[in-house]
């Protein structure tokens, strides 16, 4: 029996990668609550300058991640996914350590860019599990895996705020580096992968990758869906606290209310993703995707008409439950329409589209709210998601007709 034929305990790998995604999600979000404060501590003064630099250090990570993801995806298809997980966890740990030592804003900006270049733990974890799990359990497995990053992202800001209050800003970066190093150790000792390295000559080029896809047009539509999901999520982020303040009026605990309303979609996604993923394995992920997109539209529109923060919280909870199905459904359809040989690149391309959405979403939300007010953001976002639902339905219908 060759090494590549030795059975893999994919359930153990799923558990360990879930922990890795949880730690990575927590590590990234640990520093988010005080990022503008750290920018100020590095010598940036003035309201407009602080806003500009805070936006730059936030977005540059996603921009460089979008650029680097296809390269790392190709390397994963050549060398294996485990080594990419190790490279990502250790690289991010070192960069986080250096961030805590930054002396000026330019050093910090460069390190944030480097963080984007060296990232990629979660897409590589998705690719690893997608190539190991039985096809009929892909939806459940990828849905479960997605809850790891969501859980970490939910707990990270809370933990980061508490740590910053008790120990100061710089020590949080050192703690974050330690968390990422633990992720590296877990991956090194407990994840197993049977992978036969592929020479550069044997690697499929981009045209061959496209030719090997069962339905290239559908795969492109799935990439666009990923982008729009992130645009829809990100467009609301810049205005959420201000919108909650407008709804709540003069209350003393506006930060708490805003934080709770910001986090409820994540809690709902945490509960819904594995269950809807399992349902998708039974009835088809394409049905889950279209229904979840339509429900998202129907929930976004009334958000522009709410009168109290609690009405907004309820709608965002329901939206989170629907959104919890979206990315796992996209990833499952990518698994169905590609081969293990190119899984690393397909998931990395998907990550690039996700990163572009992470950058453009907040810009779109800020621009719309500046011109037309907070409530218009929800209506425009609903329109974008509706377009995506129609586009995705049309792509999936063409695929079904082609099969028939």
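Heads up, residue numbers simply count up from 1 along the chain you see.
Using the three backbone atoms N, Cα and C, a Cβ is placed for every residue, glycine included.
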Which range is transmembrane segment per Swiss-Prot? Of 171-191, 192-212, it is 171-191
Tertiary contacts of the transmembrane segment (288-308), defined by C-beta under 8 angstroms and 6+ residue spacing from its ends, are 139, 225, 232, 247-248, 276, 279-280, 315-316, 318-319, 322-323, 325-326, 329-330, 333, 375-379, 381-382, 385-386, 388-389, 392-393, 396
Region pair the transmembrane segment (113-133) / the transmembrane segment (19-39), three or more CB pairs under 8 Å
yes
